[in-house]
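Visitor: Please see the structure below; I have some questions.
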């Protein structure tokens, strides 16, 4: 991912334009580096001193990586299915998918893991695609609640399975290193669709499969 250059910044004229702001209002790399220098100065340091002079460029590259999810269509990872596995009907579960995201309120890190399961109705994808789906949505400014729902709904809409379950457990830097300053606290969110929403036994089986991992 690279930042665009020469893009004019302006306020969107409508809600439709506002929803497309991630693509229409992306600044160039030079503007990003200037903003980082401003933040360094606001913190009370000199952005031109030896240890910081290259920091704006490094931060720009890091942000391009952390927010690469805006440049991909998460559903695209699910469109190639394994025909030889199309007769499989039982639950497919991928546990402990590493997750790194960024809180949209304070731009602090969210670090945790996701557990994703689905019950196929004819379409089965490679397990790496579930990990890529999680990563694509995580590499955006996020709320954990929304992230959980986006993963579940995209999997449900694209593969059309009988059911989807997603559980995310993560720590939030905005809580562990500022504000209430409570390290070690984690947040758990869940999404249940299809069979998992209607069948309590399926939910229990799923939760027992991920406990202790």
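The backbone N, Cα and C atoms fix where each Cβ goes, and this holds for glycine too.
The feature region 'Disordered' is assigned by TrEMBL to 1-24. If you look up TrEMBL, you'll see 8-18 marked as compositional bias 'Basic and acidic residues'. Annotation comment: TrEMBL describes 33-210 as domain 'GTP cyclohydrolase I'. Annotation comment: TrEMBL describes 103, 106, 174 as Zn(2+) binding site.
Each of these features: where is it, how hidden is it, and who are its neighbours?
Guide: According to DSSP, residue 106 (Zn(2+) binding site) is assigned to coil rather than to any helix or strand.
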Visitor: For residue 103 (Zn(2+) binding site), which residues in the same chain are close in space, meaning a Cβ under 8 Å from its Cβ, but six or more apart along the sequence?
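Guide: Once residues fewer than 6 apart are set aside, residue 103 (Zn(2+) binding site) is near 109, 110, 141, 142, 143, 172, 173, 174.
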Visitor: If we count other C-beta atoms within 10 Å, could you say which of the binding-site residues 106, 174 has the fewest?
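Guide: Minimum Cβ neighbour count within 10 Å, taken over the binding-site residues 106, 174, occurs at 106.
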